[in-house]
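What follows is a single structure, written as structure tokens, with notes after it.
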Amino acid sequence: MLCNQSFSILMSLFMNSEGENLCRTTTLCYLLIYVPSLSMLLPQPASLHPISHNPTPTTASTACPCSSPSLNSINGKASLQFDPKLGGRPSNLVFDIRQKARDKRPFEALNLFRSMVFSDQYENADTYPISTVLGCCVSLRAVRSGKEIHGFMMRHSSLGTRTCSSESALINFYAKCGLFEIAQEVFDRMPVRDVVAWTIIFSAYSDKEGYENRVVALFIKMLYDSIAPNSYTITVLLRHATLQYGKQLHAYVVKNGWHSDTFLGSSLLEMYAKNGKLNNARLALDQIKYKDIICYNSLLSCLGKVELGSMIDQIELFMEICRLGFNPTQATLVSLLNGCANSGYIGPSKQLHGQGIKRGFGSDEIVQGVIVDMYAKCGDLKSARAVFNQINSTKNVVIWNAMIGGYGKHGCIKEALNVFSLMQTCRVRPNHITFICLLSACSHTGWVEQGLSLFNAMQPVYNICPRNEHYCCMVDLLGRAGMVREAYQFICTHKCEYRASVWGSLLSACRVWGDADMGEIASRRLFELEPDNSGSYVAMASIYATNRRWGDCNGVREVMKGQNIRKATGYSWIEVDGKVCKFKAGERSYPGTWLDDIYSICDSLNDIISDTCLIDCFLEWEAQIL
């Protein structure tokens, strides 16, 4: 508490040049981490030596009663953090700072910068590598140090520290650390903004969901300010662009003659593929003048995320890659394996596994994790466990998660928990995905107590803060077990009522159990959060129909009709004779006789289940299970 008070005193004396006050404030501070803040804000006269007025950083460190050697050393060697004089030319020190940043040694670069600030021989803005050290703060997630540098920039703005380049780096720092409001404030206060600053603020919002309209508004403002975007700016804007907005950006690209640019062309094809326009994505690929394996990997990755048999397109594209003489990379193989996993296409899965071994990726950790996940999603748990057991090197958390998730998807909760126990025995630290897999497994098998125990242990035992996915799993777990009221109380208790996916899980549970009262609460929130989602309306209409509230059911359908909301057609797909076939409910027009056989078997099952005796037996068995 004393440290916070001391720091408040310091901020009140921020513009005061009396060194004695600052010295007393430094002495009051009981946390060494504050000392760099105090030292950086000390006045900078001609000399730093008179201790009575301007204590050197070494004095400040000594005054702090809890000085920690670990904070003043790097790999056991003395740090330069508190050395006011390095004796070299400014250009040499700047070069050292930038070199350490390039060598991925950000902590050492920051210490050198602190030493540089303590010196009195640097009097111009070009000497201070502000952008470099802010990048180091991003690497270390050093929010406090970044704010100190921001204060230094404000304090010494007369030296020209607040350049367009340095403030752009400051925006990037705050955005990467999740402080979007401060990043926007810095951007708004910039007297002059160049294309780099605009691109950075676009990137900050593009990486965050739900800000697509904000990005469009900023882009329009940029054009009104007569700032011309470059190709990289367009690439950033295309990340989460809708189809309509993406087409306008594509037209801008063609107008400026950038359509043959390799990097920009890859972004265009990703945009079209993500929006389901595979033909347009292929055309964007064909327009790239100098194609490389990265372009093909971009399209392969997008095809792997598109459903309904796009695995065929992936295989054809892979054959084209080999025919053109490109060497498949790790990303190529991962995209293909993910495509097999998402489509359940077991046919080429083992062939691609063999290709991975043949091309030297058999021991690659990422590829191994994807192979385990692929076999598990395709239902071949035996092969998944065999690959998992054959990994001789230390398994990373991704591989463990793939095996736990595979068991969980198929309801093998005991096996999933055994793998989790083995994971802890091997001293592998679980992450948030591990608990998503475990909670999902508990949900599929109805293990409520085990799921609650795992959820309650996340933060106190494993220091993992629950995310939206964990809340969804818990609501789904309680809802599947018929504990709909408890699921609603869980949402209210954990303050996750602003997440649409959580209410979607609750509404699904209400549909299963026919709870119209709770269904109305969940659907009302969903109509506010996702007004265009047809699934919420259909689910609520089904709940009303189950309770024979036909007037309310028709009312929901009238609302859908009035708002032009249509139910999305659901498809199923199956692999038959090496070919993936898709069909919708009730469809009988598919060529071949196998579809008629499926419906014939379904009709036979309906006849058997219609026997009253069998229905009573089934209900009795279900009651025993629950």
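Cβ coordinates are placed from backbone N, Cα and C, and glycine is handled just like the others.
For the repeat 'PPR' (292-328), same-chain residues at least 6 beyond its ends with a Cβ under 8 Å from one of its own Cβ atoms are 262, 265-267, 269-270, 273-274, 276, 278, 281-282, 285, 335-336, 338-340, 342-343, 345, 348, 355, 359, 571, 573, 579-582. According to TrEMBL, the feature repeat 'PPR' maps to 292-328 (among others).
Listed by sequence, the residues of this chain that lie at least six past the ends of the repeat 'PPR' (396-430) yet keep a Cβ under 8 A from its Cβ atoms are 365-366, 368-370, 372-373, 375-377, 379, 381, 384-385, 388, 436-438, 440-442, 444-445, 447, 450, 462, 464. The annotation repeat 'PPR' is assigned in TrEMBL to 396-430 (among others).
Averaged over the repeat 'PPR' (292-328), the predicted model has a pLDDT of 80. DSSP labels the residues of the repeat 'PPR' (292-328) in these numbers: 26 helix, 0 strand, 11 coil.
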